[in-house]
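Each remark here refers to the structure printed beneath this line.
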Amino acid sequence: MSNEQLVEQIRNGYHVTQNMQRLYEGNLPLLKKFVRPFTCYEPEEDLLQEAYFGLWEAAKQYESSKNVKFMTYAGYWVRQSIIRYIENCGSVIRRPSGFNQKMSQYNKAVQEFVQAYSRFPTDWEMAEALGISLQEVGKIKIALQEVASLEAPVSEDDELTLGDSIADKYSLEDDVIDEITQRTLKCGLWPIVERYTGIQQYQVIRGYYKYGMTLRQIAEQLGISIEQARQFKEAGLRQLRQYKATKNLQENLEIVTGAVYRTGFVRFRQQGSTVENIAIRRYELDKISEVQKKTRLRKD
C-alpha cells in the first residue's frame, strides 16, 4: 500500500493506529534523513518522536488532489515539528517565549500563503500579513535559519524494535518512581493522581511535576515550610506507589512499566520519550478513530 493510500485510510478513520505505524515504519529511513541535521541539538530518539508527530499532522492536512507526493508534503510538517521541539524544549537553543510564538505564527502564515498562491511570500507580504515590521521579519528568518541550516552528520545505529531486548531486573526505587511519575503525569492523568492523594499532596505534586515549580515556590504559594512541602510530595508518591493507583495509571496509559518490561530498564531510560509518546499518540489516534467511525455510521 502506498503512502498516499495509507494517508487516505487514516483521514477516513480506518485502522488509524495501525496505518500510522505502517506510515512511520515504512518511511523511517527518510525520517532519519530529515532528523539528521538536528542531532547536534537533541538525541535522535527524541527527534524521531517529533518526526512521528509531524507525520501525523501532515496526514491530517494532506490533500491528494494537489498531485504532490505525500512525503514531499510531509517534509515541511516533520521539520517544523522538530524545530518547534528544539525551540521549546531543546537543551541548547533558548529564546523568549514571545519570540517563539512569533516564529510559530510566521511558519503558519508561510504555509497558508504557499497553499493559497503556490509560491513563497516576500518579506513585505509576511510583514503585512503578521502586522510586524520588515526588521522583525528579518529577525525571525535569521532565528529560523539558525535551526534549519544545522549540519551535524552522525553514524546511524542498527534499528531496534521495542521487543527485541531482554528485560532487566529492576526495582521501583525512589528515583525510578520519580522519573516514571514525572513522565506519566504529563499525560493528562491528573484526575487519577487527585483520586489517590490528599489535597495538599496533590497540590504539591501537581506544582512540582506539571508546572515545574521548586519546593520553595510551592511552599510559598501554599503558605507552608519547604520541609512540609517535601513531606507532602513524598507522602503523595508513596500513595501512588500503592498497587491500585499504579495499576490505574498503567491501564490508562498502557505504557510505563510495560515499556520497561518489553525493552529493559536501561533501554527504557534511553528511549523512554519515544516509547511513551508514540504509545500515547497511538492511544489518542485510537480515540480519534472511534469518533470518526461513529460519525461515519451516523451519516450512513
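Just so you know, glycine gets a Cβ as well, placed from its N, Cα and C.
Record features, source TrEMBL:
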| type | residues | note |
| --- | --- | --- |
| DOMAIN | 23-86 | domain 'RNA polymerase sigma-70 region 2' |
| DOMAIN | 103-169 | domain 'RNA polymerase sigma-70 region 3' |
| DOMAIN | 201-242 | domain 'RNA polymerase sigma-70 region 4' |
For the domain 'RNA polymerase sigma-70 region 2' (23-86), jot down how many residues DSSP puts in helix, in strand and in coil.
53 helix, 0 strand, 11 coil
From the DSSP assignment alone, can you count helix, strand and coil residues within the domain 'RNA polymerase sigma-70 region 4' (201-242)?
34 helix, 0 strand, 8 coil
Integer average pLDDT (0 to 100) for the domain 'RNA polymerase sigma-70 region 4' (201-242)
82
